[in-house]
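Taken verbatim from TrEMBL:
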- 1-300: domain 'Kinesin motor' (DOMAIN)
- 59, 60, 61, 62, 63, 64, 65, 66: ATP binding site (BINDING)
- 325-356: region 'Disordered' (REGION)
- 344-356: compositional bias 'Low complexity' (COMPBIAS)
- 407-434: coiled coil (COILED)
């Protein structure tokens with residue numbers, strides 16, 4: 001209808017028409033220059049601002065997508081025209097005296113049956129698509145060729161174009177069987193401070209056309225290629241619909257094509273979609289499908305931004321030495337005497353500035369390059385005259401930064417160690433004061449603080465129930481039967497785990513006879529009165545106790561308790577403890593261990609374990 005509107009008959013109702021509104025409509029009489037100048041050329045300026053741009057050719061097979069992108073020698077298409085203008089822009093903007101230095105590189109790939117193939121290096125095989133920490137899509141291992149003129153571009157692009165997969169169908173003798181993507185990257189570096197860096201990418205994409213296999217007559221490999229092409233285009237439509245509906249998940253990863261175009265579809269690129277349609281009546285349904293996809297894509301909103309970063313300015317090519325590759329401790333050991341002097345916190349300065357506290361490292365870290373060049377010239381002049389200037393003037397900036405970082409790390413490490421030492425000293429003083437206040441001569445020292453050596457005298461322990469000692473001490477005619485003192489003794493109280501307390505007397509073996517020293521280190525001794533008292537208690541329990549009471553004795557389980565009760569019912573009460581040997585199932589050896597395990601605890605009135 002005009003330059004922006006299109007009207008087509010509605011195949012569902014012939015009384016109605018379908019109307020579409022686009023940014024531009026190019027009819028049969030439009031030329032390649034009209035399409036390029038009207039829609040593609042205006043977005044090239046965004047590349048010099050560090051932004052991304054993409055141009056996609058979409059439509060059914062045989063509609064002229066490849067002709068639109070490549071053209072012919074007489075009528076060049078979008079790709080050669082865009083490269084010619086872009087290289088001209090970079091030459092003008094990167095000329096001497098301009099603030100930015102520009103460089104251009106190109107990469108060329110195709111997506112064939114869900115495989116990413118490098119057309120500049122066909123032997124590289126299937127490549128993977130990755131995403132960096134900033135969300136930028138990239139392909140590791142993809143060949144990049146630097147170009148400075150259009151002749152350089154042709155030298156790389158024309159042989160690579162012959163590597164693209166094409167095939168003959170009923171509709172086209174050279175039908176594209178893959179999606180071709182030309183990536184042109186523009187890098188910009190600022191020549192003066194603050195030395196910013198920008199990167200702009202231009203995607204020029206020739207999509208393979210959707211195919212109706214009934215018309216193309218595809219069979220075998222061509223049928224398989226057609227299925228892969230239609231699947232990727234179907235996912236492309238799903239991505240556009242998800243973006244228009246604002247769905248939380250956009251299926252970029254369902255296809256290699258949509259994954260690669262993630263920046264161009266709903267991302268950060270200025271995107272141009274060129275929808276090619278065929279005027280023949282037999283392509284009516286394909287035309288409607290392409291127009292509907294273009295109308296839905298027009299509603300997608302992209303948010304371009306500038307890819308800019310700050311880069312430290314390097315005065316010259318600096319190679320990292322082995323000392324810089326090492327860590328701070330290793331680098332310090334690897335330095336020579338001259339470098340130790342340079343890396344000190346307060347390096348030697350010129351005599352005129354000896355009173356200043358700032359080091360030359362800190363002065364030169366943010367100095368203007370022109371001023372720094374003058375200082376370098378002055379340093380060389382002083383060196384030629386034999387004067388001792390500041391040794392850091394001729395040090396490259398990267399090495400100065402490494403030295404400054406090393407000095408800061410060492411200072412922080414020293415401060416941390418000093419603080420830790422003070423904390424440990426305060427903790428030790430507090431611990432000593434607490435031990436001095438709580439020190440008691442009747443308490444055993446912790447086992448971890450003892451140092452056992454062979455040269456120490458052996459100890460003998462005399463163990464007696466504390467409760468019995470207290471009862472005997474309270475009676476008027478009390479007589480405690482214990483071993484006589486032989487040397488020094490220490491009496492300590494030990495709380496048992498079963499609620500009873502024992503009194504231990506540790507005596508030195510220095511005064512004992514040599515034959516007594518040869519005995520075991522520890523010995524348990526009981527007075528005859530305590531032994532008799534314990535035997536009587538065991539005998540009373542054997543004669544009067546039930547099976548449950550008998551199980552409270554050590555070495556007596558349920559089976560032996562039943563045997564004792566049965567023997568007592570048949571033969572009467574026990575006359576002495578040794579009568580247990582007459583019970584069937586209890587041997588003399590078991591009887592001896594039974595007495596050792598029970599007599600001491602029962603003499604004290606408490607149950608005692610074998611220890």
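Residue numbering: from 1, along the chain as shown.
Just so it is clear, glycine is given a Cβ too, placed from its N, Cα and C backbone atoms.
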Sparsest-packed among the binding-site residues, when each Cβ's other Cβ atoms within 10 Å are tallied, from 60, 64: 64
Mean predicted confidence [pLDDT] for the domain 'Kinesin motor' (1-300): 88
Sparsest-packed of the listed binding-site residues (59, 62) - C-beta count within 10 angstroms: 62
For residue 66 (ATP binding site), the number of other Cβ atoms found within 10 Å of its own Cβ: 23
